[in-house]
Amino acid sequence: MEESSSFVRSVFVLCLVSSSVFCLDDSDQNATVLSSSAVYIVTLKDPPSVHSSSGRETDASKHSLTSTSSQTYRTSNRSAYLIRVHDSLLRKVLRKENYIKLYSYHYLINGFSAVITQQQAERLAARKEVHNVVLDYPVKKATTHTPQFLGLPRGAWPREGGSEYAGEGVVIGFIDTGIDPTHPSFSDKVPGHSYPVPPRFTGVCEVTTGFPSGSCNRKLVGARHFAESALSRGVLNSSQDDASPFDGEGHGTHTASVAAGNHGVPVVALYKRFGGFAADIIAAIDQAAQDGVDIINLSITPNRRPPGIATFFNPIDMALLSAVKAGIFVVQAAGNTGPAPKSMSSFSPWIFTVGATSHDRVYTNSIILGNNVTISGVGLACKSPGTRTMHKLVLAAHALRNGTTIMDAIYVGECQDSSSYDQKLVQGKILVCSYTVRFILGVSTVKQALITAKNLTAAGLVFYMDPSSTGFQMTSTPMDIPGILISSPQDSLALLQYYNTSLSRDNASGKIVGSASVARIVGGMKPTYGITAPKVMYFSARGPDPEDDSFQDADVMKPNLVAPGNSIWGAWSPLGIGTADFQGERFAMESGTSMSAPHVTGIAALIKQKFPHFTPAAIASALSTTASLTDRKGGPIMAQRTVLNPDATQTPATPFDMGSGFVNATAALDPGLIFDIGYNEYMKFLCGINGSSPVVLNYTGESCSAYNSSLAASDLNLPSVTIAKLVGTRTVLRWVTNIAATVTNETYTVGWKAPDSVSVKVSPAKFTIGNGETRVMSLVFRAIKNGSVASFGRIEMVGDRGHVVNIPVTVIYKIARFAMESGRSMSAPHVTGIAALIKQKFPHFTPAAIASALSTTASLTDRKGGSRATQTPATPFDMGSGFVNATAALDPGLIFDIATQTPATPFDMGSGFVNATAALDPGLIFDIGYNEYMKFLCGINGSSPVVLNYTGENCSAYNSSLAASDLNLSSVTIAKLVGTRTVLRWVTNIASTVTNETYTVGWKAPDSVSVKVSHAKFTIENGETRVLSLVFRAMKNDMVASFGRIGMVGDRGHVVNIPVTVIYKSAV
């Protein structure tokens, strides 16, 4: 087993937990008030310490590639003053009341968090010095051989003096579940290396019961913990963890070692295994920046999309914007909420967001059956002393002790309790267990099954895949006896079939007494390499980046990059309980974007070491423009699209899956050109969001009026272009700076691949740029065809000195000025025009009468007389009543009328294709009044308050209710037909050219349904109304929707059609 890999040399661990708690009144009274209180985050109008020193950047410095380092701000007096202001405000507003102040935020934002009541929060919000009061919210974790996979030993490390010195002097702050300071990954006991602590770093090493003096060293240079918000909620389990920087879960130790293990990088840890809250995280970020870290790693994400006018405006992201102003590069995990679109949990353009991929190492083993069939599986099993010895197999359900039945212990197949089994039946045999969905949910564990097998002295352990877990990916799990997890349903079936055919039974009772099946388990510790990788893992969160809570798309590409995040070895706290299968271990294999983020953090430290004056945006650019676009075999990087059977659904990855591509550590250290962004540009971007001025002032203490212009997100100088909505033509600018130290100038040739339905032009198409020089590039995008499906392209700049710079291009909605289009947006105005003709002819018609005229006269055939179809004959789900018939609609004969619209049906094309002529003479109309609609709404369970809210009318005023199928619609839809149902329809003759007309009724019944209509023939005079009884009976059980039609043919030429749909049928 390999130890965790690392990228940088010095380590700062800042495990943050505050010990300063201010309480008013007696503690017993506090206990009373806390029961009705919550944690609120309060921000004030005055600027924080980081914003109060020198104001905004100057125009001369905004693209200088020189970061304003956090140590520049020596603001202890300002910070002390702000803390006094916070305390004074609380005393004034909440005099003689109970509250608890948890934190004062003073460096990146000016504010505090406190446990207060809603009424107290409202009074604080009313104060003129207070800008915002928000309820605290929880966050969640986004949970080797990878240095070789990333090319570090022969690439980036040698360039920076070798692995021992890679990243030396760079301080990384990790905000996570803590750290195990005793782990060898964080030892500074390396001969010949002094691990100098950067003098700018001012952090401390917190000493607590769980984190004694001496826990830190010259590699692990600081540690604090912040958990006051979590403690105030009572979520700290003192039996499993304590309020200290020690990692009681394992997650923080793992992520820190991925970026910093073995070669030393500073670490900051924050929340513990009991979870985390924004109030604690902001305190950790604030302290980390004040202590002088260079990079912050956040392997945590919010558990919900932030509310408000934009996702960027949330306390954590805005605190990180201040950190970026202070020169700190911020890396955040994308989240493990994929593969759905817009599942991204990291939003802002100043945060570098990392998704997760696989790498090319796997651990495999196999089980050889007695019939010479070999089945492969996964597992990290120790080698059997006698790997050539065959052992008998015994199914867990066949090894129960006397008195235990499967009904007594329904989950005995999972092997979780050794007391359920007879040791004599298992001893010396391979125990066969079922891997069910409960293992995926964490209810059952492989580790517990191992304990069972060892207690029963089994020779080995094999898991077959239960049908409930089919499609889920199994991961390698350490086993200290020979063991294997069979991940294929087909192979699992082969194992069981072999076992079952070898069973022996008692002749008298038929009871199973044994099995002649044998097997041996081989392999399990030796990794294999060379599989196709990387590929974007199914759990990795995807773009597009949601701009707000209404799912509008932002002109910001997320994720920014992908890196290894599946089956990653790293350091582990032996006392950690985060993953049951690794309890007591010093190393663990974990998966998640939590693992991919620290890979990029470590590489960012190498970049910071080589280019100490790089701004955070410059580091982001170096990582992005050099990313790999192909896998190790030269093919496109693939992305898994489903949770179940993910490899069967993978397709080439887009920027929504992988951002700029897969991180390339070696190339990132020599990017050639840099796209830089200053703090001013981020502020102009935020100020350009509609209604943002008071929010910006709240978080930053700066007024948008101080900025002379605003920037759209697409105009930020990002190393990507994302346009959520392209209307006509848009021109965006990008400026690049040559930072290549080995050449004085370089000539770049620009090429591009345009997204579908978009034309692209870049100028200049060729340019020469000297070292330190900046050039502006004009990118013109034009929509040449309307489209609502995202399309992707790429702009590439190839230099004559070997540098290649790539930026991805994404355009989602395309709206051309003039175009031939398709879609329902084009069909709706056709019907609108025909409806105007009907309204002109029948000015007294209600909206529903117009709808009836259009629907009942719709065409049911194409222009050649065939069924209206695409690939198969169309159903009412495709075309509703049929194709609109304008002429017939003007004389419908009968009208089905509704005063207002009904809830939308699943039909795509309404009643069919519009027939303008027929719609002006429909003959019959199906009519219904407002009261019937109200009865229908009031009949919906629990609708009374909603109806009152929208209409101002009380449902009690209506004496009865109506089911939707009983509304007098010009169609019949029955979602669930149980036995027999009778519905009524009444028709009114509105034909102006005849005094009476005789209609003959016919019908085609839906499959599995019988239909009867009475009257089957009727004569109706002009202005007269007739009631029709429609009886539907389910002939057999069926869950597939079926379709029919009722037609009424008049002897004066009118034809009235109504579609019939029945979905679920249950015969009685």
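A Cβ is built for glycine as well, from the same backbone N, Cα and C atoms used for every other residue.
Pulled from TrEMBL:
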- 1-23: signal peptide (SIGNAL)
- 39-140: domain 'Inhibitor I9' (DOMAIN)
- 47-72: region 'Disordered' (REGION)
- 63-72: compositional bias 'Polar residues' (COMPBIAS)
- 167-632: domain 'Peptidase S8/S53' (DOMAIN)
- D176: active site, charge relay system (ACT_SITE)
- H251: active site, charge relay system (ACT_SITE)
- S594: active site, charge relay system (ACT_SITE)
- 715-811: domain 'Subtilisin-like protease fibronectin type-III' (DOMAIN)
- 817-866: domain 'Peptidase S8/S53' (DOMAIN)
- 966-1062: domain 'Subtilisin-like protease fibronectin type-III' (DOMAIN)
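According to DSSP, the domain 'Subtilisin-like protease fibronectin type-III' (966-1062) comprises 1 helix, 65 strand, 31 coil.
Rounded to a whole value, the Cα-Cα separation of S594 (active site, charge relay system) and D176 (active site, charge relay system) is 10 Å.
According to DSSP, the secondary structure content of the domain 'Subtilisin-like protease fibronectin type-III' (715-811) in residues is 1 helix, 65 strand, 31 coil. Mean pLDDT for the domain 'Subtilisin-like protease fibronectin type-III' (966-1062) in this predicted model: 89.
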